[in-house]
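Asks: Got these off Swiss-Prot a minute ago, pasting:
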- CYS32: active site, nucleophile (ACT_SITE)
- CYS35: active site, nucleophile (ACT_SITE)
- 2-106: domain 'Thioredoxin' (DOMAIN)
- ASP26: site 'Deprotonates C-terminal active site Cys' (SITE)
- GLY33: site 'Contributes to redox potential value' (SITE)
- PRO34: site 'Contributes to redox potential value' (SITE)
Amino acid sequence: MVYQIKDKADLNGQLTKASGKLVVLDFFATWCGPCKMISPKLAELSTQYADTVVVLKVDVDECEDIAMEYNISSMPTFVFLKNGVKVEEFAGANAQRLEDVIKANI
């Protein structure tokens with residue numbers, strides 16, 4: 001399942017609910033072409049790994065404070081968290097790397 005974050009409190013609540021699972025934070029922008037291209041693959045992976053992965057989308061224009069907290073400078077950027085700790089991060093719409101990082105961390 002892919003869930004779009006509304007604000008910092010929403011993010012904190014979702015991170016608490018996702019305890020024990022791999023969390024993929026997808027920092028995107030509605031005007032970002034590569035973000036739109038990778039979105040279907042991310043949705044597919046979230047369904048494929050629904051028991052072990054939670055995907056949280058963060059619109060950098062709506063949630064600037066969260067983007068700043070994670071030092072996001074380009075989109076899409078994927079931040080991978082396990083039990084609240086960052087285990088990986090990369091920028092770019094690389095579907096194979098996205099799947100590889102998920103597989104390596106579940």
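A Cβ is built for glycine as well, from the same backbone N, Cα and C atoms used for every other residue.
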Asks: Can you check what DSSP calls CYS32 (active site, nucleophile), collapsed to helix, strand or coil?
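Replies: The residue in question, CYS32 (active site, nucleophile), is coil (DSSP, three-state).
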Asks: Out of CYS32, GLY33, PRO34, CYS35, point to the one nearest ASP26 (site 'Deprotonates C-terminal active site Cys') in space (Cα versus Cα); all of them are recorded positions in the record.
Replies: CYS35
Asks: PRO34 (site 'Contributes to redox potential value') has how many other Cβ neighbours within 10 Å of its own Cβ?
Replies: 16
